[in-house]
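Chemist: Below you'll find the structure I mean.
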């Protein structure tokens, strides 16, 4: 099915039951309570796995759910966080990692070039934290890296000025979660309050 066919299916099958919701969101604007920074992996759909409706969550997706330093040349994540925390006033900011993450696997395999290689440099700290640990398999190492990656990205978020201010005022909670694809489960990785 191409994009136009998929839209037609949405318009016919899904939209009618949500028409009032969309009308309200257009008239009143969005007021999501949560922002999720998730991986761009096509198997991980935050809206689906959280049973969210349009307007419930503000989502940004990228390779390996990375959070660049605030002053980084990679500005899409910092600008989205500024918007969600500073303007939309979300009360929860979540980093959602997942099993079998291709981005984390690429980070572990090292040697990526181009834009992907530059992006994966953001995961250098993950590799450093794994250096002293021993693993019985690549899969075990990857799973550990996926979880450590969530912790590293959460810690980096604490360096964002708007996040610091919202945490100090008690208006924001930071959470890290790990989504296992099969069988589906959601495991807590970290939690930070004010």
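Heads up, the Cβ atoms here are built off N, Cα and C, so glycines get one too.
Features from TrEMBL:
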BINDING   39, 41, 98, 101  Zn(2+) binding site
Chemist: Which residues in the same chain, at least 6 apart in sequence, have a Cβ under 8 Å from the Cβ of residue 41 (Zn(2+) binding site)?
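Modeler: Listed in sequence order: 98, 101, 102, 103.
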Chemist: Taking the Cβ of residue 39 (Zn(2+) binding site) as the centre, how many other Cβ atoms fall within a 10 Å radius?
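Modeler: The Cβ of residue 39 (Zn(2+) binding site) has 25 Cβ neighbours within 10 Å.
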Chemist: Given the Zn(2+) site residues 39, 41, 98, 101, which other residues of that chain have a Cβ within 8 Å of the mean position of their Cβ atoms, reported in sequence order?
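Modeler: Same chain, not in 39, 41, 98, 101, Cβ within 8 Å: 38, 40, 43, 44, 64, 65, 97, 99, 100, 102, 103, 104, 146, 179.
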Chemist: Counting only other Cβ atoms and using a 10 Å cut-off, which of the binding-site residues 98, 101 scores lowest?
Modeler: 98
